[in-house]
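Noted in Swiss-Prot for the protein shown:
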type     : residues                  : note
BINDING  : 471-478, 517-521, 571-574 : GTP binding site
COMPBIAS : 117-141                   : compositional bias 'Basic and acidic residues'
COMPBIAS : 145-155                   : compositional bias 'Low complexity'
COMPBIAS : 173-216                   : compositional bias 'Basic and acidic residues'
COMPBIAS : 219-234                   : compositional bias 'Low complexity'
COMPBIAS : 235-269                   : compositional bias 'Basic and acidic residues'
COMPBIAS : 270-283                   : compositional bias 'Low complexity'
COMPBIAS : 314-327                   : compositional bias 'Basic and acidic residues'
COMPBIAS : 338-354                   : compositional bias 'Basic and acidic residues'
DOMAIN   : 462-631                   : domain 'tr-type G'
REGION   : 99-366                    : region 'Disordered'
REGION   : 471-478                   : region 'G1'
REGION   : 496-500                   : region 'G2'
REGION   : 517-520                   : region 'G3'
REGION   : 571-574                   : region 'G4'
Amino acid sequence: MSNTTVEQFAAELKRPVEDLLKQLKEAGVSKNSGSDSLTLDDKQLLNAYLTKKNGSNSSTISIRRTKTEVSTVDGVKVETRKRGRTVKIPSAEELAAQVKAAQTQAAPVRPEQTAEDAAKARAEAAARAEARAKAEAEAAKLKAAKAGNKAKPAAQKPTEAKAETAPVAAETKPAEESKAEKAQADKMPSEKPAEPKEKAAKPKHERNGKGKDAKKPAKPAAPAVPQPVVSAEEQAQRDEEARRAAALRAHQEALLKEKQERQARREAMKQQAEQQAKAAQEAKTGRQRPAKPAEKPQAAAPAVENKPVNPAKAKKEDRRNRDDEGQGRNAKGKGGKGGRDRNNARNGDDERVRGGKKGKKLKLEPNQHAFQAPTEPVVHEVLVPETITVADLAHKMAVKGVEVVKALMKMGMMVTINQSIDQDTALIVVEELGHIGKPAAADDPEAFLDEGAEAVEAEALPRPPVVTVMGHVDHGKTSLLDYIRRTKVVQGEAGGITQHIGAYHVETPRGVITFLDTPGHEAFTAMRARGAKATDIVILVVAADDGVMPQTIEAIAHAKAAGVPMVVAVNKIDKEAANPERIRQELTAHEVVPDEWGGDVQFIDVSAKKGLNIDALLEAVLLEAEVLELTAPVDAPAKGIIVEARLDKGRGAVATLLVQSGTLKKGDMLLAGTAFGKIRAMVDENGKSITEAGPSIPVEILGLSDVPNAGEDAMVLADEKKAREIALFRQGKYRDVRLAKQQAAKLENMFNNMGETQAQSLSVIIKADVQGSYEALAGSLKKLSTDEVKVNVLHSGVGGITESDVNLAIASGAFIIGFNVRADASSRKLAENENVEIRYYNIIYDAINDVKAAMSGMLSPEEKEQVTGTVEIRQVISVSKVGNIAGCMVTDGVVKRDSHVRLIRNNVVIHTGELASLKRYKDDVKEVRMGFECGLMLKGYNEIMEGDQLECFDIVEVARSL
C-alpha cells in the first residue's frame, strides 16, 4: 500500500489532525503537519503506543456512553452541549481498532501482532456483553432517582441542583460509584458540585483531546448499543483521585481566601478613608467570585485523573508558590479544563474558558487577586510656565488630558486638548486635581542660562565707567562730547541734533571712560530710557541760558528710575545770558540738590565751545566711579546690551553692543533676544576692525541672523544649537504675545468705535536706518492722531525701501517715509508706475511737520458766518397770492440775492432763512449796495413788520489745521 498523509489518515479515523499529530509525536513519530506522509511502520508504532497506553491495566476497558437523560438545572450555563441528544465519542480502544483494521487491509501483519489482537478482540466482545447489561440497569435506576428528586419540596433546591448536575455524567456509572460521588460532592464546597462526577465520566481520550469532540452535535438516541464498562478496580482508583483533587481544590481555595484577606488588611492600613471603602468593596467582590465556577458544568479535572497520585501531591506545593509565568503554563498544559478552572477561580475570572486550542490563548492577569489593589495617590510638583497647552499640563500631572478638560469645563472654559491656557488658570487646575503648582518657566530654555553663568566663575577686575550724557535738545550734549573726543560729531548730525545713540570710549590720563550720547528730542524717550539702563553714571547737561526744560526733567526721572548717580554739567556759561544759580534753584525743585548746598550731586559749570572746566567734569565722573567700585570679570563669556541696531544693505544686521562683563571675541556665538549668530566682524566707534572687546567697551558687531531689538540683553553661548533653541523659543513666545496684543487691540477698537462715525485714516510706511529712529518717528506720528484723522503706521522697519514696501503701499493706499534711507532702482520704478509717494527725510522735525500738514488737509473744513450787510424794513406791502413784500433801505454793506438773512426784532432773532427775491423797482437784481432802496421777500416766511431789521450773511468754509 502506498504511503498516506497524516490528514488522510485522520479523516479515515475521524479524528482531528492536531490530535493525531500529538499522538504520533507521543508515539515517537515526528510529523509536523497534515501533509506529511505516513508509512506502515509509523502506523504500527502508533498502534503499539496506543495499545500500551490504554491497556496498562488488564481489566481497564474504555466505554462509549449514550446520553438518554438530560439535566435541566436552572441557571447553569452549558455552552458546548446540546440537550436531549446523545454524545458519541470514539474511545482510544476504538481508535486502536481502526488503526489495526487499516493496517490489516493495507498489508499482512506479523504473527505475534495477530495473536495479540485476537486476544484483545475476545476480551472486548466479553466486555461489551457485560457493559450492555450494566448500562440498562443503571439507566433504570437513574430514571427512578430522577423521579424521586422532582417530588422534593422547593426548600431542598440547592440539593437538587447538586443532584441534577450529575446525571449527564452518571448515566454510565455503577450504582456504587454514583453514591460515593454524591457523598463526596456533599463534603466539597458548594461552588464545585459538578466537577467530581464529570471527571469520573470523561474518558481518557476526551482528556487527551481537551474535549474537542464533545463540542460536536449529538445524534438522536439510537437503539441499545453494546458499550464497554470500566472495571471496579479502575473505578475505585478514579474515585480516590477525584476525592484527592477535591480536597486539593478546597485547600487551595482556603489558602487563597486567607491570603486575599491578609492582603486586603495590609492595604487598608495604608490608605485613606475613601481608598479604604473602595478596598473593602473590591475585597468583598474578590471573596465572592470563587463561587462563580459552580455555573461551569464542564469544569472537570481530567488532569488529576490522568496523572498518578504522588505527582499531584508534589504539585500542591509548587502551585502554592508558583509565579505568574507558571500560572500561564498550567493554564495551557495537558491538565485541560481542571487546571484552567482552578486558575480562573483563583483570579476571579467570570468568563467561561473553552478547552482545546482556545485554552492556550487564556491570558491571566499578573496579579492573582480578584482586584487591583488601590495605591496611594502620587502628588506631583508641577512647574507651570506663562502659557501651557492642556496636553502638556496633563502630561506634567501624569493624568489623562480629558481629566484636565473636564476640570476646565467645570470652571466654565470650553477648551481643546491642544489649546493654550494662561498660567493662573493652569495653577487653579493643578490644585483642583490635587497636585502642587508652582509658577515657573520650566520649559523655558532660558532657565538654563543662569545655571551656566553661575558655573563660570572668574576674577572680577576693575572696569571703566559707562557714562550717559542726557539733557534737553540743543543744550550742548554732543558738543560737550566733541570737545572731550576732540572730534566734530555734531557737524555730521542732520539738523545739528542727535538722532542716534552714540557710544564712544575715551582714554584720559586717569583711565578709560565710555560715553553714551542720547538724543534730547522728545521723540527719543525710549532711547534715553535704554541709555539710562546701560549706564553707571549720568551727566545731565543743562544750558545756563535756557534753564530746565521738559526733556531735562525726563532725563532726571530716567536716572532716578535706573538708580544711577548724576553729575550736572551747566553748559554755555560763556554766554552773556547765562545764569548758573537759576539752574541750581530750578533743579533743586526737582530734588537734584548741589553738593555745596548740602546735597549729593556735583554741579560743574562748563563751556563745551571754549572747553572751560572739561577736566573738572571728567574728574567728577571718575570720582563717582571710584565710589561705585565698578568691577567685572574679564576671563569669562561676554555679556552686554544692544544699544542700537540697524540693517545695512551690504553687511546685513549690524548691532552696537556695549560689553558689560567678560570679553567678546571674534567668532563667538552670540544670542541677542530673538537673534543669534557667530560674530563675523567687530568694529570700534572709529571704524577700526578689532578682534576682542573687554568690559565697558562699545563695539559694532556683524553676523547676527536678524536685527535685534535695541535694549535686548546679549550673551555668548557655548554652541549654536543652544542659541538656536533659545532664539526660536523666544520668537514663538513673542509671536504669541504680539498676537494676543493685536487681538486685544482689535476688540478695544471695535468697542471704542461702536456708534461713532468712521474717522479719516492716513496710512504710513516708515523705513529708517536704525531701530531707535523708526520707533521715535512712529511714536511721534501716532501722537498726532485726532478723533477725525488717525495716523495708521502699517509697517516700520530698518533698512532701505524695497519692492515689498511699495507693494504694501499700493495695496493699502499709503505713502512711504524714508528716514536716512533710500529706495533702490526697482522700488523707485515701481513706485513711479503705481503713483506711490515716497518722501525722504533726515530730520525728524520735517517728517512730523509734513505728516501734520497732510493730516490737516484731510480735516473737514470749518464753516464760518461772514456778515455782508444790514437792511431796515420801512414798509410792508401785502399782495394777494404772493405774500408780504418788504420795502427796505440798505443801511450797511451789501445785500446779495443768494445771501442768508436773519430777521431781528427788538434785538431778538426771529427767523433765519434765505431771500426769495430781490428787486429794485420792477427789475430783479443780484445785489443792492448801501444807501439804496430795494424790495425783497423772504422764502417761506411772511411775518414781517415795519421797523424789523435784516442781517445778511454768507457761510464761508475755512480750512482747519492741527
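Glycine residues also receive a Cβ, built from the backbone N, Cα and C atoms like all the rest.
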Ask   = Under a three-state reduction of DSSP output, how is LYS477 (GTP binding site) classified: helix, strand, or coil?
value = helix
Ask   = If you run the three-state DSSP split on ILE573 (GTP binding site), which class comes out?
value = coil
Remark   = Over the region 'G3' (517-520) the mean pLDDT stands at 59
Remark   = Cβ density check for ASP474 (GTP binding site), other Cβ within 10 Å (all protein chains) comes to 15
Remark   = Across every protein chain in view, the count of C-beta atoms other than its own within 10 A of the C-beta of ILE573 (GTP binding site) is 20
Inquiry  = Going by DSSP, is GLY471 (GTP binding site) sitting in a helix, a strand, or coil?
reply    = strand
Query = 10 Å Cβ neighbour count around LYS477 (GTP binding site)?
reply = 30
Neighbour tally for GLY471 (GTP binding site), based on other Cβ positions within 10 Å of its Cβ = 28
